[in-house]
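Asks: Pulled these features from TrEMBL for this protein:
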{"type": "TRANSMEM", "residues": "B:12-30", "note": "transmembrane segment"}
{"type": "TRANSMEM", "residues": "B:42-64", "note": "transmembrane segment"}
{"type": "TRANSMEM", "residues": "B:85-107", "note": "transmembrane segment"}
{"type": "TRANSMEM", "residues": "B:119-135", "note": "transmembrane segment"}
{"type": "TRANSMEM", "residues": "B:142-163", "note": "transmembrane segment"}
{"type": "TRANSMEM", "residues": "B:183-207", "note": "transmembrane segment"}
{"type": "TRANSMEM", "residues": "B:219-239", "note": "transmembrane segment"}
{"type": "TRANSMEM", "residues": "B:271-293", "note": "transmembrane segment"}
{"type": "TRANSMEM", "residues": "B:305-322", "note": "transmembrane segment"}
{"type": "TRANSMEM", "residues": "B:334-354", "note": "transmembrane segment"}
Amino acid sequence: MKGKTFIIFIISISLSLIMSFTIPKKIIDQIQMVTVMGYDQVEDEMIRGTAIVPKYINKNKVSNIIYTNVSELIYENQTDLNRVASEELYNGKLEIVLYGKELAKKGMVPYIDFLTRDPSIGSRTYLAIVEESAYRLINQINTEQSAGLYFSDLIEHNIINGNLPETNLKIFQTGIKSQLQDPFLPILKVKGDKAIIEGLGFFDKDKFVFTLPYDNAFLFNILKEEVGNGKYALKRNHIKASIQSIESTRDFKVEGSKANPIINVTLTLRGVLREYTGPSLNKNKDEINKMWKEDVRQKGQELINKFQELEIDPISIGLQVKANTRGFDLSNWKDIYPNAEIKLKVKSKLIETGTMN
Amino acid sequence: MRVPIQEKVSTYMVFYLITSVQVGVGILSYQSQINKHAGHDAWMSVLIAGLFIHITIWMIYVVLKGVDGDLVEVNKQVFGKVIGSVFTILYMLYLVLGATIVIRIYIEVVQVWMFPQMKVWSILFLILPLVFYIINGSFRVVVGICFLGFIVPAFLMTSFLFPLQYSNLNLVLPVFDHTFQEFLLSANEAALSFIGISVLMIYYPFIKEKEQSQKWAHFGNLTTTFIYTVLAIITFTYYNQPQLSSLKWPTLDMWKIIEMPFVARFEYAGISTWFLVILPNLTLFLWAASRMMYRQFQVSQQKSIVLFLIAVFIGCFFMETREELEKVTKVFSMFGRGILYVYIPFIFLTYCLLRKGRRK
């Protein structure tokens, strides 16, 4: 390379590097990573934002610092929170965002916008509704670990092994944007110094309308997705049985005309009986299976009818019908759905009964 | 016009020249463009566009084989000396504009996703000397960059397996639920993603066995069509249509779902690697422009590269907001469509007529 070009190279590259050094840095010890955010409705247009920042004192010891403030916009809130924080607050490690019930009733769209607009927030961030107020829950929580990890672990293990359907920012966002399904979120509640998953909250578009107690979450779970490890408590007449490790598949068939569709939902369940009290199991196995099937069918059908009554579609039946109908008319669907005939069919199998007969 | 053998490149390199120039910044956002007309069926429009590009490649080869020269030669033979040089200059402008837009969009992505305070000129001061260094080497260095720009970022394709966990096939059903016209309108949008191939008409004399290179060009286009189609299906099953339309860069947005124990945010790794995808675009476009300058006006390539780099630098400065960038991109796409739909078929037809005339 010739001398002149070489000098130009050196100058331009060093200029660029010098400039880049002046960009604000984010050194991990000099920033605070917010892991939990909570938002509550106060007065009319104001929201209370509460942030938890973990502070690592020494090995295995975390203290959770709580900042809280009231403002109109979420980022305005963050700016205000910075006025009390000892270091700059960043969203990059956000694990869960909690919303007070009152806020959720008013509509969530203004309060999740920043989550999707900010590139540093992942799609796997959890969202949850808090029964009373997020502020109170955040202040009551007492854990040894970081509060963000506590909340995300709580939800995550219930998704993998419990009856909580898969939920995160991506899924909620999909539900809000779609015209063929409605979103849902888990509802948390304070219990002593811990949080408890109280149930599932269902939305009409982005407005919270209906609570399903967690006892019935399994029914929604099998209707919503294919489950790998469900749990069901069967209590009927004189029989009490606990069925675990339930695998489910679902199948939608759309029949009838465009204006009057008949939707057949078939659920196939396979489970293992883990606990049982009642008359001899050996003789009554078929009967128990039948009872289980009938129990799920009846409660499931009730749930579907309830959704139709509320004119919400968290099971995404609209999407199923659209996928099976040529020239699907979106504007008509809203009138058809509440009166559409949705038939639930359940097939079930008890594959094992543990180590006892 | 003869190119010395030591400057020529192996025949199969045409594969990398085609793929690396087709995949650039368009792949980051094409999904939310093509779905405007054919909705959830738009992934099939990508196939239509890919097929159309195959025909274009065939037309280009017919002309180039007959003329046995590059675009400047073709222009001269088809349009005559004066009008031919006008088209050459227009095409040169198109290439420089293309390079400017590619680099500006990449910087925009870096600014939005990684460093909001990063100054445009400060990145340009790093990238432009590199581009100069590569082009100044020789055409073989440019081709080497194209090769790396395909091989190294290829691992990024595996990252698009992560969104499959949340895919819902119902979102693309029922298939063929749109009219033929809607398919074509979407294919028109999709064609923009393939636009770079026309540079083929400039580096053609640099290929060792020119006639045999056609199959590699088709194979390259087939690969890009495959990549675009698969990515479109993944995107369409991951997002529903209203959600997709609201996103600027669906491809990057899908990376938000990736969370690994050792990387919390994959975008940082992905966008940094993406530089290797856009580098072949930059170098090949600017090399081609400077080569045309040399062929048309006998200006040394070194001098014209400096001129073009200054033009790129100034151009990036004038596109400050997204709206301005979009406006310029629109002009560029019109340019590109003109080349694809009018210019290339026109020189093909004229060439065929001329050949017939000569035979008689």
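Keep in mind that glycine also has a Cβ here, set from the backbone N, Cα and C atoms.
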Asks: Are the transmembrane segment (B:305-322) and the transmembrane segment (B:42-64) close, by which I mean at least 3 Cβ pairs under 8 Å that are 6+ residues apart in sequence?
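Replies: No, the transmembrane segment (B:305-322) and the transmembrane segment (B:42-64) are not in contact.
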Asks: For the transmembrane segment (B:271-293), which recorded stretch in the set B:142-163, B:219-239, B:334-354 gives the largest number of Cβ pairs separated by under 8 Å?
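Replies: It is B:142-163 that shares the most Cβ pairs under 8 Å with the transmembrane segment (B:271-293).
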Asks: Tell me, please, if the transmembrane segment (B:183-207) and the transmembrane segment (B:219-239) are in contact, taking contact as 3+ Cβ pairs under 8 Å between residues separated by 6 or more positions?
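Replies: In this chain the transmembrane segment (B:183-207) contacts the transmembrane segment (B:219-239) - 3 or more Cβ pairs sit under 8 Å.
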Asks: Excluding the flanking five residues on each side, which residues at least 6 beyond the ends of the transmembrane segment (B:42-64) place their CB within less than 8 Å of a CB in that stretch?
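Replies: Contacts of the transmembrane segment (B:42-64) (Cβ under 8 Å, skipping residues fewer than 6 from its ends): 31, 34-35, 70, 74, 172, 175-176, 183-184, 186-191, 193-194, 197-198, 200-201, 204, 210, 214, 217-218, 221-222, 224-225, 228-229, 232-233, 236, 340, 344-345, 347-348, 351-352.
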Asks: So if I exclude everything within five residues of the ends of the transmembrane segment (B:12-30), which remaining residues of that chain have a CB under 8 angstroms from its CBs? That is, six or more out.
Replies: 101-102, 105-106, 109, 143, 146-147, 149-150, 189-190, 192-197, 199-200, 203, 207, 213, 216-217, 219-221, 223-224, 227-228, 231-232, 248-252, 274, 277-278, 280-281, 284-285
